[in-house]
Structure formats: C-alpha cells, structure tokens
Amino acid sequence: MKRKIWIDNLRGFCMLAILLDHTEIYYTGENVIDYNLYVANVLIVFFILSGYLMYKATFNIKHKLHSIFRTLFIPYIVFTTAMYIPKNIIHSKGIDFIEMGKNILMGQASWFIAALIIAELIFLIGIWISKGKNMPLAIMGVLGFGLSIYLSSKNQTYFWQLDNALQALLFLYIGYLYHQYESIFNTINKMPYTLLLFLLLIGIKIYEYHIQMDMLIWHIHITNYPIFLIDSMIFSLMAIQLFQTLPPIKWLSWIGRHSILYYFLCGGIPLITSKLLHYIGLNYGGNYLYILLAFSCVCIITTLITYFIYKYIPSITGKYE
C-alpha cells in the first residue's frame, strides 16, 4: 500500500500531544491542561490508525506477524532496556536487573506498546480465522471492549496490559472498517462537516467537565462509557477528516513516520529535560511559557536522538530510512 502522508501527519500531531502531556507531568508534577481534553483522544487515534493499516486487499498473516515482531516487539525490548538505567538514576532508585527483566518480559515497561502488540496479534488472528469478514471482527471488538471494562474494575495489573489490549480491539476494528469503506466516508469529508464535528466536540468536552467525567486510558478509569465512546468517535473522525484535507507538512510527517521511537523516548527525555531545567533554576511557577520552553527542548532533543538512531543504527528500530 502506498504511504499516505495524512496518516504520518496525524501521527506526528498525536505524538506531539503526548510529548506535551509527558512534559507537563514531569516538569510540573501534574497535567496543567486537563488530561480529559486531549490525551485519551490522541491515544485512541493511534489505535484507530493501526487498525486502518491492518486492512489490506491481500492478507498475509506471516508478513504481518513478522512486521509486529520486527517493528514493535524488538524495539520494545531494546528501548525499554536502554531507558531503564537512566530513568532509575534520575529517580534515585537502585538498579535491579532482575526487576528490570521482569517488567520488560511481563509487558510492564511501556504500557501502550505492549497493549498495541497484543491487540494487533489478537486482531490479526481474528482476521485470519474470519477471512476478514466484518461481523466476526465487530463481535470480537465489542466483546473485547466489554471484557476490558470488567477487567479494569478489578484494579489490578495484567500481563502485557491485557485490559488495554482488549479495549483497543474495538478501535482497531473501527480503523479497519473505516479503511474498508473509506470511499463512503470521503463523501462527507468536507469542511462544513469537519467544523460541525469540532463544535460537537466542544459541546461534549464542556459536558464532560460539568459532570467531572474521567476518561483515563491507563490505568483504565472511565466513569461514563457511552460519552467516552461518543467523544472518541467525534474526535477521531474530525481529526482524520481534517488531516486528509491538509497539505503535506514535511516536519510533522517525519515525526509521524518515526512515532514509535518518539513514544519510547517520551518518558525518559521529558524526565531528564525537566530535571536539568529545575537544576539550573528554570521552574514552572505558574507561567506556562516555561512549559513551552521545556516542551521545545524535549522536542528538539527527542528529534535529534531519533534522527541519530535511524541514520546510524536503524536495525534496532526494525525500519530503515
């Protein structure tokens, strides 16, 4: 399938949003901009885009299994291992290699990547068994989402983020379905409809704020699932429609193409950057400009590291420039 620039642009936008969220948390100790305003939304968009890319006219399960292993599992092992020592030093924790190995092998070192790996594996097997038929995949997505609600009520940690992986199945299916019927969705891909979705999104965010709704993705804590799903679908459709109409944005699409590596770095780099800024006396103090400064530093450092890795040691990412 020919690479679609709008997907790279949208991934790049979502990755920057996640970097901002992590920068706020490490620099100030909290979400200055409410988590519910955007963080859950951009994470869900990532799952939907993954489902979108799983739809292909010619399905090859061996090729996709190899892709998951090469571009997700191997980088997960490499980068969570590489980030363990500096993060523990910054947190003033001892270096326990047994604990490190346990966290990595149990899928606890990067919840999003672990959940994505398991969700894609389950969905891939579903496509293979059902021969890509929509009804079985829809049932699997709905049942998975329902089971994630049950598991999240137990307030415990699951092997390889099983609760989040099951939750993601529904969003993978939505992306898969969108790609399958993209020509139909394109008939409403017009600016008036995008604007309408934006207005609806503002309305639902105001309502969520009024009822003090939580929509935390990890660890799952969602207090109103119908509103959560409506919110997620409005934001995702609006974002997809908007980015399909935008012209290519070279720097943003570059971030999107390398978003997996950005994600592996989005914990450690904001943490280290925040510690350094605090050390030289640049503290938040209620001035959001300092957060923007920290965010700019995080983006620059993360981009430089990503560029270096893809240029000189791309094999550890499973991809090549």
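Placement of Cβ uses the backbone N, Cα and C atoms for every residue, glycine included.
Remember, TrEMBL labels are computer predictions, not curated facts.
Quantities reported herein were computed from a predicted structural model and do not represent experimental measurements.
As written in TrEMBL, here are the features:
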DOMAIN    5-309  domain 'Acyltransferase 3'
TRANSMEM  35-55  transmembrane segment
TRANSMEM  67-85  transmembrane segment
TRANSMEM  105-128  transmembrane segment
TRANSMEM  135-152  transmembrane segment
TRANSMEM  158-179  transmembrane segment
TRANSMEM  191-210  transmembrane segment
TRANSMEM  216-240  transmembrane segment
TRANSMEM  260-282  transmembrane segment
TRANSMEM  288-310  transmembrane segment
Interface-richest range of 67-85, 105-128, 158-179, 260-282 toward the transmembrane segment (135-152), CB pairs under 8 Å: 158-179
Arithmetic mean of per-residue pLDDT over the domain 'Acyltransferase 3' (5-309): 92
